[in-house]
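> I'd like to ask some things about the structure below.
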């Protein structure tokens, strides 16, 4: 894109408007087929706008009525102009000014009767219209009213912009008049403010619903520190630079704002009422705050006041004392011991490991044999009819049957669990004691060749039994 070409002044040729179009005061002329020319005013110097600086909104028909720039920099459509006025001449300038002033008053007066919110009133601005190039032709001291971008802070602020593709040309001082609100807008009337400076570069006015009427009539403010300024050669449109400018402002009093306000009040209250000392948490006994150094103790993964950390049974304070925790409850030593099981042998509380047998609790050292007093922890045992505890050996020695020959207890063999004994003539015998009383022959319990042949209460083998029988028979014969 090439920069504008500045031609020397020539004899001005009257430019003509198309049929049915009128040029209001201060508006740009219609486009021409040749390069843009400049007709200097005897009192005011003008800087022409190059054709590439004019913005044509997409989708907007070209045949629109003239526009004027409000105090927000928002283009407003002027209604009611005659369709065919011809070229504006210096002689009709005063009448044109009066007509425009009357139309503006009617528009603003009609707007003031519309229902609005008590705090702010929103309106929709019609889309702007811009001519594509042309010549500036001020007449009769008329001052053009440029289209200024909507400002974030309400006040009109003319600024100079240099696009990246167009070199900055010579600056011509220009008096720029900013349109001010008239009566009927619900705001105090103010005088027109003036500012000197070069004409602004291309801009894109905000025409969305997010613009609020009356927001731009605040006092002139300096830009806040949180609003960045655009770099030279780059124009940031109003509304944060988002496309289209449709960014409606959120209504007041939404839940996030209420939540933020509540949290802020809570923070202010907490800061206004600080604790008197260091805060350690809530007491596990009474639920109150534990504040101050030395005011609490930590136990059972909780914080307690000194007076709240007591025994669950006798309510004695446990600070600096040994305590026992049972199911997240603290006990002093005496109360804890009272809750323990007692040994069935010595009747003392069991503080260490518990050994249970036959439904009773024992100290491991108290669970012993009543005969040999050997500890039976992990060793097989048995009990008698009176529930006395015996080891297996002592139980057999005490309660096993006795051998009729040796008189010893008949017990299981080492490594065996069963007891083997021989019963004959209602007497019990060890296997090794079951012998013939005459010859000492080891008898067998099977009843075969070396079986027992009892005779007159004696245990005899077969031979000895026969000899005894013959001897008795001879004696009987002799007696006869």
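Residue numbers in this text run from 1 along the chain shown.
The backbone N, Cα and C atoms fix where each Cβ goes, glycine too.
Okay, these came from Swiss-Prot:
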- 1-12: compositional bias 'Pro residues' (COMPBIAS)
- 108-122: compositional bias 'Basic and acidic residues' (COMPBIAS)
- 238-247: compositional bias 'Gly residues' (COMPBIAS)
- 281-339: domain 'LIM zinc-binding 1' (DOMAIN)
- 341-401: domain 'LIM zinc-binding 2' (DOMAIN)
- 404-471: domain 'LIM zinc-binding 3' (DOMAIN)
- 25: asymmetric dimethylarginine (MOD_RES)
- 25: omega-N-methylarginine (MOD_RES)
- 55: phosphotyrosine (MOD_RES)
- 92: phosphoserine (MOD_RES)
- 111: omega-N-methylarginine (MOD_RES)
- 183: omega-N-methylarginine (MOD_RES)
- 190: omega-N-methylarginine (MOD_RES)
- 193: phosphoserine (MOD_RES)
- 209: omega-N-methylarginine (MOD_RES)
- 242: omega-N-methylarginine (MOD_RES)
- 1-43: region 'Disordered' (REGION)
- 57-84: region 'Disordered' (REGION)
- 107-134: region 'Disordered' (REGION)
- 218-257: region 'Disordered' (REGION)
- 473-480: region 'Interaction with MAGI1 and PTPN13' (REGION)
> In the domain 'LIM zinc-binding 1' (281-339), how many residues does DSSP call helix, how many strand, and how many coil?
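Residue counts for the domain 'LIM zinc-binding 1' (281-339) by secondary structure: 6 helix, 24 strand, 29 coil.
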> Quick one: mean pLDDT on the domain 'LIM zinc-binding 1' (281-339)?
89
> Determine how many residues of the domain 'LIM zinc-binding 3' (404-471) DSSP places in helix, in strand and in coil.
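Final tally across the stretch: 10 helix, 11 strand, 47 coil.
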